[in-house]
Amino acid sequence: MPLSSKVSQAPWSLTGKTAVVTGGSRGIGRAIAIHLARKGVRKLAITYVRDLASAESALEEIRKEGIETGIAIQADILNASVGRDLIAQALVGLETSTIDILVNNAALLDPINTPSVEDVTLENFQELMQANCFAPVSIINACMPHLPPSGGRVINISSVASKTPNPGTIVTYGASKAALDSYTRSMAGLFAKDKTATFNTVCVGPTVTDSFRAVSQLYPGEFIKEVAKSFTAADRVGVPEDIAYIVGFLASEEGRWMNGACVSANGGLREALPALS
């Protein structure tokens, strides 16, 4: 069955859809989950690792948008069985056999405790690759049989670090995101036709999240202002809602002709390194 060319009367709407957003308890994931609910998603699962209070707070906001069912699932992207376990719990908790939208947002970035590239160990390398590439791929594989007959959406949150030179402690993180970009493109080529689904990544630039704040601690001065001036054409750093709006577009019928893409979400990236020098 080819990707539909039928014109929708409300291509922006996600009314009645079911979605899973990993890492949806805070930051970008939280903003994505809330935005999907506002666009009409009916059933929504978010994941968290340890902070149940943040997950419950996110669900409270999501339910204010009129969602029918919202659940939080504890899931660790360093767990080898995260894909199988998460999707099984989501299907049961949401009382559904279909997941229309999968957003892989959860990621591992710990520049304070990650060794620089010249000191990287196999353990460090494997941990980042497992969290940022294997985990989302395994979640996609577990979700694949439960995508709808047409119009499924798989959206992976990546980073500009996958495409730029990076400071020493972020090199392996960038490599793990580049691997995810590659997997996403290949999945679009391999499965888009049979699944009539789209597979895209959103390459996020500097955005004010917990991870961004952690990175900022490594550098002196007014880091965020320097990033805004040196990294982006806009005079500010991104906020989670900036990313959520792009994901909402890709998840809707409006984004149906984008497949295998890495969508830049960076406010007009200038240079990768000047703010860090």
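Glycine is treated like the rest: Cβ placed from N, Cα and C.
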Residue from T198, T209 that Swiss-Prot also lists as binding NADP(+) with I28, D76, N105, Y173, K177: T209
Rounded Cα separation (Å) that holds between D76 (NADP(+) binding site) and S158 (active site, proton donor): 18
For NADP(+): widest Cα to Cα gap among I28, D76, N105, Y173, K177, T209 in Å: 19
Number of other Cβ atoms within 10 Å of the Cβ of N105 (NADP(+) binding site) across all protein chains: 25
Those residues of the chain, 6+ apart, with a Cβ under 8 Å from that of I28 (NADP(+) binding site): N105, I157, V204, T207, T209, P240, I243, A244
